[in-house]
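As written in TrEMBL, here are the features:
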{"type": "DOMAIN", "residues": "27-502", "note": "domain 'Major facilitator superfamily (MFS) profile'"}
{"type": "TRANSMEM", "residues": "19-37", "note": "transmembrane segment"}
{"type": "TRANSMEM", "residues": "96-114", "note": "transmembrane segment"}
{"type": "TRANSMEM", "residues": "126-148", "note": "transmembrane segment"}
{"type": "TRANSMEM", "residues": "194-213", "note": "transmembrane segment"}
{"type": "TRANSMEM", "residues": "219-240", "note": "transmembrane segment"}
{"type": "TRANSMEM", "residues": "314-335", "note": "transmembrane segment"}
{"type": "TRANSMEM", "residues": "355-372", "note": "transmembrane segment"}
{"type": "TRANSMEM", "residues": "379-396", "note": "transmembrane segment"}
{"type": "TRANSMEM", "residues": "408-433", "note": "transmembrane segment"}
{"type": "TRANSMEM", "residues": "445-467", "note": "transmembrane segment"}
{"type": "TRANSMEM", "residues": "479-498", "note": "transmembrane segment"}
Amino acid sequence: MAQLPPGIRFITLFSRDQWYRAFIFILTFLLYASFHLSRKPISIVKGELHKHCGASHEVELHSYREYAAQIQPVKKSFNVSQCGWEPFDKSNYKQLLGALDYSFLCAYAVGMYLSGIIGERLPIRYYLTFGMLASGFFTALFGLGYFYNIHNLWFYIMAQIVNGLVQTTGWPSVVTCIGNWFGKGRRGLIMGMWNSHTSVGNILGSLIAAYWVSTCWGLSFVVPGVIIAVMGIVCFLFLIEHPKDISCSCTPSSVSKYFFYLDFCLLIYIFTMGVQEMSENCTVSLNSGTAVTAESRQGTSAISFFGALRIPGVIEFSLCLLFAKLVSYTFLFWLPLYITNVEHLDAKRAGDLSTLFDVGGIFGGILAGLVSDRLEKRASTCGMMLLLAAPTLYMFSAVSKMGLEATIVMLLISGALVNGPYALITTAVSADLGTHKSLKGNARALSTVTAIIDGTGSVGAALGPLLAGLISPSGWNNVFYMLMVADACALLFLLRLIQKELRCNADYNL
């Protein structure tokens, strides 16, 4: 008999269930990365929507407009303002740009509370597909304002509001799906790796938007809109909500056999999950080979909103995330403009440089998950990173004015410390609380718990960019002071849980 090719031998090393698990990990990663990819363009395009110009230039601009009106009396000029895109070319541009952020994030925060409850009662695949297609349409619609020469502020605000509502379908859906497929054993590391989709999406969105921002900023929205719509079709074709939907069978024989491949390929770790984690998700009889199908899950009743609030830790982590997300989203929406003002770079270079914050966020999310798994203390891990984040933000505001090299270093460090707690709470903590022992195995609560935590966090996400737009005219230093106070408040809401974790550890040692 001929020897099997190396590629086929590699495929046969892992069971069918392990390949499905890896596939869902990668698919949900790409699906939610496309959500963040479509949110990022607005922060990149801000530097193009408003450009700084002096009073003398205004005189030249007025003369140019008169000349254009004389030689082209019939054809409408295509945004001749060199101070930006009307109506964002006025002196109150920061307030107007802040209104765009606030309209999106307010709608996102309000919609998130409803999204989890609705998502619990609908098939995830259909719900997520609808949200991605609708989000693609409204993201592209914002960019079409460039091509159709639209200068009505309410057109852009309404596009942001509706887009914010439909984007709430994403997070509860993907967290529920990934929670169904992966157990609790090493959830912090798994979800820390998985949650890097946020930073990956931000990086890709920044690079795509920056490519066209100086030449045709409408494409900075249209292209991401097309990408998320295409990913919505992929979701409809391939997403599997639960391992039971494909008659998952748990065979422990191949689990430990190849565990040590972890040393040379970290992704193999996802393929080779422990027997305990697989058994949490697959209630299948190994002796009879009988699989439990999706119909067996329909009898579990969905949890109510107030019932989810009574789960221990939900309120504390929700309020902590409110302030943690306030800081993260302020960077998400205002960092490129800050770099443009401080480093005096054009919109494209500022957008490219801002991706370093998200690169730091990837490492911060993985580090937070790894440490919390090792210590088995989610709240203490978040608290430690929040404690370090506040002075780091102060250093960032001071050091970033010393040159480009210092800005690069501080972007990486700040990204890790700011996004670490945010990533841990929205993934591993939400999944832990959504499968809390008080729920007695009701896995359908995960979507509602996730929506409550992320919805509360989204209130902070809406407030942060709004406050930055209102405070920044008085100086960027005041914005950083606001962010430091927010970090301190986030830590404050975790103190009771941190004390409880430390007390439990002390009792265990005794």
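Cβ atoms here come from the backbone N, Cα and C positions, even for glycine.
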Task = Select the range from 194-213, 314-335, 379-396, 408-433 that forms the most Cβ-Cβ pairs under 8 Å with the transmembrane segment (445-467).
result = 314-335
Remark   = Counting Cβ pairs closer than 8 Å to the transmembrane segment (126-148), the top stretch among 96-114, 194-213, 219-240, 355-372 is 219-240
Remark   = Beyond a gap of at least 6 residues from its ends, the CB atoms lying under 8 Å from the transmembrane segment (355-372) belong to 187-193, 195-196, 198-200, 202-203, 206-207, 331, 335, 378, 381-382, 384-385, 408, 411-421, 423-424, 427-428
Ask   = Which residues of the same chain, at least 6 past either end of the transmembrane segment (379-396), have a Cβ under 8 Å from a Cβ in it?
value = 313, 316-317, 320, 324, 327, 364, 368, 371-372, 410-411, 413-414, 417-418, 420-421, 424-425, 429, 480, 483-484, 487-488, 490-491, 494-495, 497-498, 500-502
Inquiry  = If you count every Cβ pair below 8 Å, which range out of 96-114, 194-213, 314-335, 408-433 shares the most with the transmembrane segment (479-498)?
reply    = 314-335
Query = Same-chain Cβ contacts of the transmembrane segment (96-114) under 8 Å, 6 or more residues past its ends?
reply = 39, 42, 46, 49-50, 87-88, 90, 153, 156-157, 160-168, 171-172, 305, 329, 333, 337, 451-452, 454-456, 458-459, 461-462, 465-466, 468-470
Query = Is the transmembrane segment (219-240) packed against any residues at least 6 beyond its ends, judged by a Cβ distance under 8 Å, and which are they?
reply = 20, 23-24, 27-28, 30-31, 34-35, 37-38, 40-41, 44-45, 124-126, 128-133, 135-144, 177, 205, 208-213, 246
